[in-house]
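Trainee: Under the heading compositional bias 'Basic and acidic residues', TrEMBL lists 854-864. Annotation comment: TrEMBL describes 322-399, 444-510, 561-634, 888-958, 995-1052 as domain 'Gelsolin-like'. The region 'Disordered' annotation in TrEMBL covers 255-282, 823-873.
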Amino acid sequence: MRATQRSPSNLPASLENLTNLADVDLSHNNLDKIPDCIYTLSNLKRLNMSDNAITEISVAIENWSKLEVLNMCRNQLTALPLQICKLETLRRLMVNENQLDFEGIPSGIGKIVGLEMFAAAHNRLEMIPEGLCRCPNLKKLILNSNRLVTLPEAIHFISETLDQLELADNPEMVWPPKPRGMAQGSGVTFYNIDFSLQAQLRNAGAQAAQLAATLAQQQGTPKDPIARKKRLRQFRKDQKDQQDDKQEKILKGMKEIAKDEEKQKQKDKMTEERSQEVKTQKRWDEALERPPLNYHEFFDPDVGQIPGITIWEIENFLPNQIDESVFGKFYEGDCYIVLKTSMDDSQNLEWKIFFWIGEKSTLDKKACSAIHAVNLRNYLGAQGRTHREEQADESDEFLELFDHDITYIEGGRTASGFFTVEEMEYPLRLYRVFPTTIGIHLETVACVAESLDPRHVFLLDDGKDIYVWQGSKAKKTLTTKTRLCAEKMNKEERKNSAEIHTLVQGKENNDWPQFWAALGLEEGEEEDLEIEEHVDHKFVPVVPRLYQVGLGMGYLELPQVDVPEGKLIQKLLSTKNVYILDCFCDVFVWIGRKSTRLVRAAALKLSQELLKMIVRPEHAVTTLVKEGTEPQVFKTKFNGWTDVIDVDFTRTAESVRKTGANLKDWAAKQETKVDLSALFTPRQQPMTLEEAQQCMDEWNDDLDSMDAFVLEGKKFVKLPENELGHFYSSECYVFLCRYWVPGDPPEDEKEEETEPEDDFQCVVYFWQGRQASNMGWLTFTFSLQKKFETLFGDKLEVVRMHQQQEAVKFMAHFKRKFVIHTGRRRQEKQPVKMEEEPQEVNAKAVKPKFKPKQRPEPVPEEPQKPQPELFHMRSNGSPLFTRCIQIRPNAASLNSEFCYILKVPFGQDDDSGIVYVWLGEKSDEEEGRLAEEVAQEMYDPEKYSLQVVREGEEPENFFWIGIGGCKPYDKDAGYMCHTRLFRCSNEKGYFAVSEKCSDFCQDDLADDDTMILDDGNQVFLWLGSKASDVEIKLALKSAQVYVQNLRVKQPELPRKLLCTFKGKESKKFSRCFHGWGEFKTTRE
């Protein structure tokens, strides 16, 4: 149909029945738009619409899902629609001789992965989007006869693969500089740290031979003979230059010696002159002078001349004398000066000065009361000092000044001298969120629960609390964008003082009551609320209208601003003008910095008139916006509003002089200190059982006595002997250990017959469970520790320990029988109280029996059904760190290389049951024997029968029922031979990686740090919720270097780098920690 004078009137309304039509040619027809019937061709592959008068392409272009060739040359197009980026099969796009500029080409054109040819000659292009250079299959790029200034740097990535690149007739065209090739990890992006394996091995102190061998094994490149010749030539040249430089160095050295002698003479002369000045100077106290203060400005001339009481209150930094009728009535928020004047025996005046501090008084009143009390003493010439009196702690001498009891009055009568800053008030607003092509749009709705819709995401702004509500049918990506918008609101408008809550419909959350209360619902009304789909699916937000406020000839003008292509951009706002943005539900008045006062006042009045001019919802309001402080809701109305500052206004002239104008070039030359040596040290070998037994014997031989105490209520009481070795995660314990210290032999050899006197040392171990509060430590510090210090003095040492972070010497005293229970302990009777403690502690006690007896039958405080208990025995890095920790009864927690203890109670009274000792198929025999002994000592054999069960021989009746049913579990624990935990932190002032000991636990995962965990198969990068962006980036590069080094040293165990967040850990991660559970929460 080429040149057939076609028009919409002589074309059919629809062509959707022509399913096989794939090629259409409508060129040379003088059409002003593409006929609507063409958009109905779903199988169209080639379309030629050249030599027409088409001005725009409809968004229905996305219906051509199979289009391969589109020819729109010689038309009047000014922009291509965004929907063209969805044509993934498009191979050839020709738009020559149109009116396209840079903004007319979509930035997401790089999504057309199949694009091979892009022709846009004879247009108005100043630049092309960088995404066009990212098309992987692009072969022809025709851009001649445009207004190109430069091209994106990404053009260098495809310049070699392009078959045809035409850039003729672009007179101002400047070819972009080629990006410098940077080694991985170098440059300012990674804080100028070279993270290459070669550099980090050198920094870690690796030997040259080992370094060369490692790099040769990694690279495996042959030697270059040409490079070897160049090095030899350079070596000869350097030798010759060294010989020529010897004579010059000798002459230079003689000149420097002469200069040094001259400088030394000048220094000696200056030293003599300074010594003469010091001799003539006065002492510091001789130079002090009393400031000439006029006390009449503060006090009356007759003050202190008549016996009685005079009182001043502090107001605006100055004393103000009060009436005698209000003596003895003090405001809690004020401060007072009290003067008592009396006559002594020789009829001379005598003064006593007090200053009274209110409990709720401000800092300026406290300081001024003390200062003016001293001024009053100097004014009267009184002897003695001023007396400080605090509310509710007054001295008897002060109280005797008044005939009646003093009274306290709430609040403050006088004003503070400080300026007070009023809290900003934020109106309650509810926004419905709609997605846009580049962000989100916030539509203001009524602040009622009926506005919610399960298909949408809502943002509730309640000042200090910002709620993001996600409907059950809403997209999660929209929730993420809304959360990001809330973060910007908190950072820019609330100064990070607001708290952001994310609520999902149908999921429990502790913030639901506050959310419903903000929407005006009473407690319990939300249960009867039914959230329905009431928003029309065809709803489109109202297009905002921008008006400029101006002053005409005696009247106000409000012309509408012409918005190009219907897109609001930040450049439309001029700093000299005032604008009104009408969004139907919101009317914003934007005031430029350089606008006149008259126009500002007129804009406020016009906005109110504009608000009432048409029918709007009741929640529609007018908002005043000043330039530079625009709220996030206002910014979402504009396309591409960014807060990036191109110019760094914080730099001073001195910093520019020191670093130069180009900060990036200066930063590239700086060296950043890092310490990654821990990543290259070999893993610590585990201690054998024989070595551990030897250490335990030596430390226990030195132990003279050990007394144990446990916190009950607010006092520490004696721990029953049958509970020794059993710890509860919600309790605090104190162990007083007395160690024998051999005396030093006498220096005189003649006195060999006299034996040296033995000495002792006392160490107090404070053990705090994971769920225990810090109140136990405070109680110990102010009570028990003081008694121990009185008894033992300098021989006392206090060691504070947390659960699973015990000292190795402390662990040795329990001979591998260290049991940690969940929750609180329960006693059958009251143990010995603390008052008897000093006599027992002071005397030499007998060594405790470390083999604990059977525990008394636990008596629950409230009758409840007994639950099964499961304990996991495991050694971390050394047999000394053997613990038996209670975990949740779950068959998935079993492992064939460990031993477990399972208690299954019968009945309701917990007076009978069975105890299983489960031995894994690959478990250690010694640990199996130890687990059996611990089980025998933990439970009364008369009530609980003990049964040792090996893996695969479990009884079907009680064992699997008690553990929650048979489930698949791990058959191997090879990760125990490879586990390593590293901590990445900036606390030393520079980035450093340190390794935790082999006995690490879950509490070692610091919330403000980044950790690296290696289990032999994977390397996990664990991110704390409060870790900084700098630490995360540097830790990621460190983990990559660590994996790269292991691939060279251990090629048989290739590691995979994974990332995990706090609270999102997988089982492969958590199994490396003994007794994994919920993260520690300290109750203050």
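Including glycine, each Cβ sits where the backbone N, Cα and C put it.
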Trainee: Could you count the residues of the domain 'Gelsolin-like' (561-634) that DSSP puts in helix, in strand and in coil?
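Mentor: Going through the domain 'Gelsolin-like' (561-634) residue by residue, I get 26 helix, 17 strand, 31 coil.
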Trainee: Tell me whether the domain 'Gelsolin-like' (561-634) sits in contact with the domain 'Gelsolin-like' (444-510), defined here as at least 3 Cβ pairs under 8 Å among residues 6 or more apart in sequence.
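Mentor: Since 3 or more Cβ pairs under 8 Å link them, the domain 'Gelsolin-like' (561-634) and the domain 'Gelsolin-like' (444-510) do come into contact.
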Trainee: With DSSP, how much of the domain 'Gelsolin-like' (444-510) is helix, how much strand and how much coil, in residues?
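Mentor: Across the domain 'Gelsolin-like' (444-510), DSSP assigns the residues as follows: 21 helix, 19 strand, 27 coil.
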Trainee: Could you give me three numbers for the domain 'Gelsolin-like' (322-399), the DSSP helix, strand and coil residue counts?
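Mentor: With helix first, then strand, then coil, the domain 'Gelsolin-like' (322-399) has 25 helix, 25 strand, 28 coil.
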Trainee: Taking DSSP states H, G and I as helix and E and B as strand, how many residues of the domain 'Gelsolin-like' (995-1052) are helix, strand and coil?
Mentor: 24 helix, 12 strand, 22 coil
Trainee: For the domain 'Gelsolin-like' (888-958), DSSP counts of helix, strand and coil?
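Mentor: The domain 'Gelsolin-like' (888-958) comes out at 17 helix, 24 strand, 30 coil.
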